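So that you can see what the record holds, here are the features copied from TrEMBL:
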BINDING   Thr95, His345, Gly346, Thr347, Ala348, Pro349, Lys350, Tyr351, Asn358, Tyr397, Arg401  NADP(+) binding site
MOD_RES   Lys91  N6-succinyllysine
MOD_RES   Ser104  phosphoserine
SITE      Tyr151  site 'Critical for catalysis'
SITE      Lys221  site 'Critical for catalysis'
Amino acid sequence: MTIGEKVTVNNGVLNVPDHVAIPYIIGDGTGPDIWNAASRVLEAAVEKAYDGKKKLVWKEVLAGEKAFNETGEWLPQETLDTIEEYLIAIKGPLTTPIGGGFRSLNVALRQELDLYTCVRPIRYFDGVPSPVKRPEDCDMVIFRENTEDIYAGIEYEKGTDEVKKLVNFLQDEMGVKNIRFPETSGIGIKPVSEEGTKRLVRGAINYALKEGRKSVTLVHKGNIMKFTEGAFATWGYEVAEEEFADKVFTWRQYDKIKEAEGTEAANKAQDEAEAAGKIIIKEAIADIFLQLILTRPKEYDVVATMNLNGDYISDALAAQVGGIGIAPGANINYDTGHAIFEATHGTAPKYAGKDVVNPSSVLLSGVLMLEHLGWNEAAKMIEDSIEKTIASKVVTYDFARLMDGATEVKTSEFADALIENL
Ligand SMILES: NC(=O)C1=CN([C@@H]2O[C@H](COP(=O)(O)OP(=O)(O)OC[C@H]3O[C@@H](n4cnc5c(N)ncnc54)[C@H](OP(=O)(O)O)[C@@H]3O)[C@@H](O)[C@H]2O)C=CC1
Ligand SMILES: O=C(O)CCC(=O)C(=O)O
Ligand SMILES: [Mg+2]
C-alpha cells in the first residue's frame, strides 16, 4: 500500500510530494456514486500522465450521514483537524435539512477552515446540450464570498425568547418601525465586512491578472441593502484602486472622469485602460445581472459577489453550459493555502445509489484540485477526455435526455469511457 505524504505550504508556495495524501469526504445521497466514479478517473489520469511516478493517495475523513452512523457526530473534530493538517481535500455533497435540524455541514466546513473564497468556473464543453443558443459565449469564473452574509446562519426562529429579545431591541432601542409582523417573524442577520469583502475581491483581481481575464464584475443588491451589499461594491472598488492602481480601471473612476470632463473623456480613459491590458472593474445589480448573463454573457468574465448571490448565480450559470452535472468548485483560503474542492450541486437524493448521475462536477472539481497542486498535465488529460467522450455522445442521463442519438450510460460506465479516452 502506498503511503501518501502531506501537502505543505511555505511562504504561500505549495510543496506537493509525488505520492500526495488527499483527505476526501464521500458525501451523502449520490456522493458515493460520483466519488467512486470520479476518483477512478483522477487516479488513472495521474498514473498515465506521470508514468506512475506521481500518485493520489486517498485518505477518507468522515462527515454527514456516514460520520453520524459511525461516530454519532455529523462533523467530527477529527475531520476538521485532518483537513487543517493536510491542507487540501475534496468532498462529495452533504445533505442539509430544510427549515430545522442541524445547520449546513458544507457551510460549517467553509467557516471552520475559513475557506473564504468559493471559486466556480463556468465553461462550455463542445457538444454539451444547453438551453441557450450560444453556450460557448459563457466563460465566467464566480468568486463567491464564502463565510459571511445571510448565509452565515445567524437567525432566530419565530416565537423563541431570542427572537422576542431581538425584535424588542430593534423596536425599542433602534427605533425600527418596519418589522411588518413582529409577533410572527423569524429574523436573520446579514453580516458583510470590509475585511471579508476586500480579501475576496483581492483574490478575484489576482486571479483575473494571473489568468489574463478582462474584467471583474462586482455583483450586489446595494441599492436596497446599502450598508451590506452596497458597502461590498464600495469596498471592492477601494481594494481595486488602492492595491492594484496600475493594473485596473474601475467604473467608479470612469464616473469621476465623466463628471469632471464628460462622457467622451471617460470613454477614452476606459478604451486606453483596455488597450493597456488593465482589468476593468465593473458592477451590476444582482437582479438585472441574472438577465445580463443570459442575454450578453460575453460581457462578463470574473464575477465577485456575496455568499447568497453567488449561490444563486452559480446554479443559473451552470444551467447555461449544460447543467449542474458539470459544475465544479473550490473553497479556498488564499492566505493559509487550505482548500476543499467540491461540486456545485447537492446530494440529488432521488438518484442516490442508482449509479446514474453525472460525475463530471466532482471530477472537474478534482481537475481544479490537480491544477491547484500544479499537476496540470493530468488535469488537461481529463478535460480532453471529457470533451472526447461527450463528442462521441456517450453521456449520463442528464445530457442524454437533451441530445439526439446519445448513448446513455451509467455513472460508473461514464467513468470507464473517460478512462478509456484518457
Ligand atoms: N455543497 C453541497 O454539498 C451542497 C449540498 N446541497 C444539499 O443537497 C441536498 C439536495 O439539494 P437539491 O436542492 O435537491 O439540489 P441538488 O443539486 O442535489 O439536485 C437538484 C437537481 O440537480 C440535478 N443534479 C444534481 N446533481 C446532479 C448530477 N451529479 N448529475 C446530473 N444532475 C444532477 C438533478 O436534476 P434532475 O431532477 O433534473 O435530474 C437534481 O434533481 C440538500 O440537502 C441541499 O442542502 C445542495 C447544494 C450544495
Ligand atoms: O450546504 C448546503 O446544503 C447548500 C450549499 C449550497 O447550495 C452551495 O454552497 O452552493
Ligand atoms: Mg448552491
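Keep in mind that glycine also has a Cβ here, set from the backbone N, Cα and C atoms.
Among the recorded positions Thr95, Tyr151, Ala348, Arg401, not one has its Cβ under 6 Å from an atom of ligand 2. Distance from the CA of Lys91 (N6-succinyllysine) to the CA of Arg401 (NADP(+) binding site) is 27 Å. A C-beta separation below 8 Å, combined with a sequence spacing of at least six in one chain, links Asn358 (NADP(+) binding site) to Ile34, Gly323, Gly325, Ile326, Val395, Thr396, Tyr397, Asp398, Phe399, Thr411, Phe414. Among the recorded positions Lys91, Thr95, Lys221, Gly346, Lys350, the ones whose Cα is located within 10 Å of the Cα of Ser104 (phosphoserine) are Thr95. By neighbour count, meaning other C-beta atoms within 10 Å, the densest spot among the recorded positions Lys91, Lys221, Arg401 is Lys91. When the recorded positions Lys91, Tyr151, Lys221 are ranked by how far their Cα is from the Cα of Gly346 (NADP(+) binding site), Lys91 comes first.
For Lys350 (NADP(+) binding site) paired with Lys91 (N6-succinyllysine), the C-alpha to C-alpha distance reads 20 Å.
Counting every protein chain shown, the Cβ of Thr95 (NADP(+) binding site) has 21 other Cβ atoms within 10 Å. Counting other Cβ atoms within 10 Å of each Cβ, the lowest count among the recorded positions Ser104, Tyr151, Gly346, Ala348, Lys350 belongs to Lys350. Taking Lys91, Thr95, Tyr151, Ala348 as the recorded positions under consideration, the smallest Cα distance to Lys221 (site 'Critical for catalysis') is found for Tyr151. The residue listed as 'N6-succinyllysine' carries a strand DSSP state (E or B). In this structure, Thr95, Gly346 are the recorded positions from Lys91, Thr95, Tyr151, Lys221, Gly346, Arg401 whose C-beta falls under 6 Å of some atom of ligand 1. In this structure, the CA atom of Thr95 (NADP(+) binding site) is 16 Å away from the CA atom of Tyr151 (site 'Critical for catalysis').
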